[in-house]
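Student: So that we are looking at the same thing, I have put the structure below in structure tokens.
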Amino acid sequence: MSQKACYVCGKIGHLAEDCDSERLCYNCNKPGHVQTDCTMPRTVEFKQCYNCGETGHVRSECTVQRCFNCNQTGHISRECPEPKKTSRFSKVSCYKCGGPNHMAKDCMKEDGISGLKCYTCGQAGHMSRDCQNDRLCYNCNETGHISKDCPKA
């Protein structure tokens, strides 16, 4: 089962497509609007932690230890009794502020997307889906192609 919260009700354990709940604001937990239109101050009171599943805090504030090797709680990976696995997980980072251990919808920053870096052009302040610039190659940092098509690779 997915550790990510449902985008409709905010609860862990199912996906939005399977949710029967009325859509609630992710910030204040009330119907009729979404978080971006919420007039209430940002809060974690109704948010559900992706690490432990409890409400009232987000992953970056969670005190429950979770092993990145076996995904069990109570210990961290360097203390894990299971054989070490090659990690294919990327660290969670916020697309809004660039900070670690939380996602944009959990971000407490009010000042828009200033820390956001576009994956298409590499500039700050917008996301790839809104980019008007040419693609930037991660290999040579030139525009017009992506790394898999790089002539310098």
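Cβ atoms are placed via backbone N, Cα and C, with glycine included.
Copying in the features that Swiss-Prot gives for the protein in this structure:
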| type | residues | note |
| --- | --- | --- |
| ZN_FING | 4-21 | zinc finger |
| ZN_FING | 23-40 | zinc finger |
| ZN_FING | 47-64 | zinc finger |
| ZN_FING | 65-82 | zinc finger |
| ZN_FING | 92-109 | zinc finger |
| ZN_FING | 116-133 | zinc finger |
| ZN_FING | 135-152 | zinc finger |
Student: Taking the zinc finger (4-21) as reference, which of 47-64, 65-82, 92-109, 116-133, 135-152 has the most Cβ pairs under 8 angstroms?
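Tutor: Selected stretch: 47-64, with the most Cβ pairs under 8 Å.
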Student: With DSSP, how much of the zinc finger (116-133) is helix, how much strand and how much coil, in residues?
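Tutor: Going through the zinc finger (116-133) residue by residue, I get 3 helix, 2 strand, 13 coil.
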Student: Six or more residues beyond either end and a Cβ under 8 Å away: which residues meet both conditions relative to the zinc finger (92-109)?
Tutor: 26, 35, 42, 44, 47, 50, 58-60, 115-117, 127
Student: Determine how many residues of the zinc finger (65-82) DSSP places in helix, in strand and in coil.
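Tutor: Taking each residue of the zinc finger (65-82) in turn, the totals are 3 helix, 2 strand, 13 coil.
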